[in-house]
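Undergrad: Feature table excerpt (TrEMBL):
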type	residues	note
BINDING	99, 101, 105, 144	Ni(2+) binding site
BINDING	99, 101, 105, 144	Fe(2+) binding site
(Lines of atoms letter the chains of each structure in order from A; the text may use other names.)
(Lines give C-alpha, C1' and ligand atoms only; values in the text may rest on other atoms or scores of the structure.)
Protein backbone atom coordinates (compact mmCIF):
# COMPACT_ATOMS: atom_id res chain seq x y z
CA UNK A 1 0.00 0.00 0.00
CA UNK A 2 1.45 3.37 -1.04
CA UNK A 3 2.06 5.92 1.71
CA UNK A 4 0.48 9.27 0.77
CA UNK A 5 2.96 12.08 0.18
CA UNK A 6 3.31 14.39 3.14
CA UNK A 7 1.88 17.85 2.56
CA UNK A 8 4.96 20.14 2.34
CA UNK A 9 2.99 22.90 4.08
CA UNK A 10 3.06 20.86 7.29
CA UNK A 11 6.76 21.65 7.72
CA UNK A 12 5.94 25.34 8.24
CA UNK A 13 2.30 25.31 9.41
CA UNK A 14 0.75 23.27 12.21
CA UNK A 15 -2.72 23.54 13.75
CA UNK A 16 -4.25 22.22 16.95
CA UNK A 17 -7.18 22.77 19.28
CA UNK A 18 -6.32 25.05 22.20
CA UNK A 19 -6.91 24.73 25.91
CA UNK A 20 -8.63 27.62 27.67
CA UNK A 21 -6.09 28.33 30.41
CA UNK A 22 -5.00 31.86 31.20
CA UNK A 23 -1.29 31.05 30.94
CA UNK A 24 1.07 33.17 28.84
CA UNK A 25 -0.52 33.61 25.40
CA UNK A 26 2.85 32.82 23.76
CA UNK A 27 2.81 29.21 25.00
CA UNK A 28 1.45 26.45 22.69
CA UNK A 29 -1.76 25.88 24.73
CA UNK A 30 -2.26 22.27 23.61
CA UNK A 31 -5.17 20.23 24.91
CA UNK A 32 -4.31 17.03 26.79
CA UNK A 33 -4.17 14.77 24.91
CA UNK A 34 -3.05 16.92 21.98
CA UNK A 35 -5.55 17.33 19.14
CA UNK A 36 -3.94 18.33 15.85
CA UNK A 37 -5.88 19.38 12.76
CA UNK A 38 -4.97 18.75 9.16
CA UNK A 39 -4.45 21.65 6.78
CA UNK A 40 -7.43 20.27 4.86
CA UNK A 41 -9.54 21.01 7.95
CA UNK A 42 -8.24 24.59 7.90
CA UNK A 43 -9.13 24.82 4.19
CA UNK A 44 -12.70 23.90 5.15
CA UNK A 45 -12.81 26.97 7.42
CA UNK A 46 -11.65 29.14 4.52
CA UNK A 47 -8.09 29.42 5.88
CA UNK A 48 -5.79 29.01 2.88
CA UNK A 49 -2.07 28.30 3.07
CA UNK A 50 1.04 27.80 1.00
CA UNK A 51 4.63 26.83 1.65
CA UNK A 52 7.01 29.17 -0.16
CA UNK A 53 10.77 29.73 -0.20
CA UNK A 54 11.21 32.74 2.09
CA UNK A 55 14.89 33.09 1.12
CA UNK A 56 13.90 34.19 -2.40
CA UNK A 57 10.68 36.13 -1.74
CA UNK A 58 11.93 39.07 -3.83
CA UNK A 59 12.12 36.96 -7.00
CA UNK A 60 9.87 33.98 -6.21
CA UNK A 61 7.75 33.10 -9.27
CA UNK A 62 5.28 31.14 -7.14
CA UNK A 63 4.65 34.16 -4.89
CA UNK A 64 4.28 36.40 -7.95
CA UNK A 65 1.73 33.99 -9.42
CA UNK A 66 -0.32 33.92 -6.17
CA UNK A 67 -0.26 37.73 -6.07
CA UNK A 68 -1.39 37.95 -9.71
CA UNK A 69 -4.09 35.29 -9.38
CA UNK A 70 -5.52 36.79 -6.18
CA UNK A 71 -4.98 40.48 -7.11
CA UNK A 72 -2.68 41.23 -4.16
CA UNK A 73 -1.40 44.55 -5.46
CA UNK A 74 -0.28 46.06 -2.12
CA UNK A 75 2.69 44.72 -0.18
CA UNK A 76 4.67 45.80 2.88
CA UNK A 77 6.43 44.21 5.86
CA UNK A 78 5.69 44.17 9.56
CA UNK A 79 8.27 43.15 12.16
CA UNK A 80 6.74 42.21 15.50
CA UNK A 81 9.20 42.12 18.40
CA UNK A 82 9.88 44.36 21.40
CA UNK A 83 12.82 46.10 19.66
CA UNK A 84 11.14 46.90 16.33
CA UNK A 85 7.43 47.54 16.95
CA UNK A 86 6.54 50.95 18.45
CA UNK A 87 4.14 50.64 21.42
CA UNK A 88 4.91 46.92 21.47
CA UNK A 89 3.01 45.96 24.65
CA UNK A 90 -0.11 47.85 23.59
CA UNK A 91 0.03 46.46 20.02
CA UNK A 92 0.56 42.83 21.06
CA UNK A 93 -2.47 43.13 23.38
CA UNK A 94 -4.61 44.59 20.58
CA UNK A 95 -3.52 41.84 18.14
CA UNK A 96 -4.69 39.26 20.72
CA UNK A 97 -8.17 40.78 21.06
CA UNK A 98 -10.63 38.59 19.17
CA UNK A 99 -11.65 40.43 16.02
CA UNK A 100 -12.52 40.15 12.35
CA UNK A 101 -11.72 42.14 9.23
CA UNK A 102 -13.96 43.03 6.31
CA UNK A 103 -11.21 41.90 3.91
CA UNK A 104 -8.85 38.93 3.82
CA UNK A 105 -5.85 39.00 6.15
CA UNK A 106 -2.83 37.79 4.18
CA UNK A 107 0.47 37.14 5.95
CA UNK A 108 3.65 35.56 4.62
CA UNK A 109 6.18 34.69 7.33
CA UNK A 110 9.61 35.46 5.90
CA UNK A 111 11.40 35.11 9.26
CA UNK A 112 10.55 34.00 12.78
CA UNK A 113 7.21 32.47 13.80
CA UNK A 114 3.91 33.20 15.49
CA UNK A 115 0.38 32.01 16.21
CA UNK A 116 -2.85 32.88 14.42
CA UNK A 117 -5.83 31.64 16.42
CA UNK A 118 -9.09 31.10 14.53
CA UNK A 119 -12.55 29.91 15.57
CA UNK A 120 -13.82 26.63 14.18
CA UNK A 121 -17.44 26.07 13.11
CA UNK A 122 -18.39 25.29 16.73
CA UNK A 123 -16.65 28.42 18.05
CA UNK A 124 -13.68 26.51 19.51
CA UNK A 125 -10.20 28.04 19.25
CA UNK A 126 -7.69 26.53 16.82
CA UNK A 127 -4.06 27.64 17.13
CA UNK A 128 -2.25 27.90 13.78
CA UNK A 129 1.53 28.03 14.15
CA UNK A 130 3.25 29.67 11.18
CA UNK A 131 7.00 29.50 10.64
CA UNK A 132 9.39 30.85 8.02
CA UNK A 133 8.03 30.03 4.57
CA UNK A 134 4.35 29.85 5.58
CA UNK A 135 1.81 32.01 3.80
CA UNK A 136 -1.67 32.13 5.28
CA UNK A 137 -4.91 33.78 4.19
CA UNK A 138 -7.65 34.32 6.76
CA UNK A 139 -11.00 34.94 5.05
CA UNK A 140 -12.95 38.15 5.60
CA UNK A 141 -15.39 37.70 8.49
CA UNK A 142 -13.56 34.97 10.46
CA UNK A 143 -12.99 35.72 14.14
CA UNK A 144 -9.29 35.45 14.92
CA UNK A 145 -6.36 36.88 16.87
CA UNK A 146 -2.55 36.88 16.66
CA UNK A 147 0.31 36.50 19.10
CA UNK A 148 3.99 35.81 18.98
CA UNK A 149 5.28 32.48 20.26
CA UNK A 150 7.96 32.25 22.94
CA UNK A 151 10.69 33.26 20.44
CA UNK A 152 9.16 36.77 20.43
CA UNK A 153 9.86 37.54 16.77
CA UNK A 154 8.16 37.44 13.39
CA UNK A 155 8.75 39.34 10.18
CA UNK A 156 5.75 39.04 7.90
CA UNK A 157 4.90 40.30 4.45
CA UNK A 158 1.44 41.85 4.44
CA UNK A 159 -0.50 41.65 1.19
CA UNK A 160 -3.75 43.31 0.25
CA UNK A 161 -6.11 43.82 -2.69
CA UNK A 162 -5.93 47.56 -3.46
CA UNK A 163 -5.33 50.09 -0.70
CA UNK A 164 -4.86 48.40 2.68
CA UNK A 165 -7.53 48.62 5.36
CA UNK A 166 -6.29 47.13 8.64
CA UNK A 167 -9.37 47.99 10.74
CA UNK A 168 -10.07 45.32 13.38
CA UNK A 169 -13.72 44.87 14.37
CA UNK A 170 -13.65 43.35 17.86
CA UNK A 171 -16.17 40.66 18.72
CA UNK A 172 -19.16 40.86 18.73
CA UNK A 173 -19.65 42.23 15.21
CA UNK A 174 -21.99 39.64 13.74
CA UNK A 175 -24.05 42.32 11.95
CA UNK A 176 -21.24 43.15 9.49
CA UNK A 177 -21.81 41.93 5.91
CA UNK A 178 -18.35 40.24 5.90
CA UNK A 179 -19.35 38.16 8.95
CA UNK A 180 -22.71 37.22 7.44
CA UNK A 181 -21.01 36.19 4.20
CA UNK A 182 -18.44 34.10 6.08
CA UNK A 183 -21.20 32.30 8.00
CA UNK A 184 -23.11 31.67 4.76
CA UNK A 185 -20.06 30.36 2.86
CA UNK A 186 -18.54 28.18 5.58
CA UNK A 187 -20.67 27.60 8.70
CA UNK A 188 -24.13 27.25 7.10
CA UNK A 189 -22.70 25.30 4.15
CA UNK A 190 -21.09 22.82 6.56
CA UNK A 191 -24.31 22.49 8.57
CA UNK A 192 -26.15 21.74 5.31
CA UNK A 193 -23.56 19.11 4.35
CA UNK A 194 -23.92 17.41 7.76
CA UNK A 195 -27.71 17.33 7.37
CA UNK A 196 -27.34 15.69 3.94
CA UNK A 197 -24.88 13.14 5.36
CA UNK A 198 -27.27 12.31 8.23
CA UNK A 199 -30.15 11.80 5.82
CA UNK A 200 -28.13 9.50 3.50
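Placed from the backbone N, Cα and C atoms, the Cβ positions cover glycine too.
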Undergrad: Select one residue from 99, 101, 144: among these binding-site residues, choose the one with the most other Cβ atoms within 10 Å of its Cβ.
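TA: When each Cβ's neighbours within 10 Å are tallied, 144 leads.
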Undergrad: With every protein chain in view, what's the tally of Cβ atoms within 10 Å of the Cβ of residue 105 (Ni(2+) binding site), excluding that atom itself?
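TA: So the Cβ neighbour count for residue 105 (Ni(2+) binding site) comes to 22.
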Undergrad: I need the neighbours of the Fe(2+) site defined by 99, 101, 105, 144. Which other residues of that chain put their C-beta within 8 angstroms of the C-beta centroid, in sequence order?
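TA: The answer, listed by sequence position, is 100, 138, 142, 143, 145, 168.
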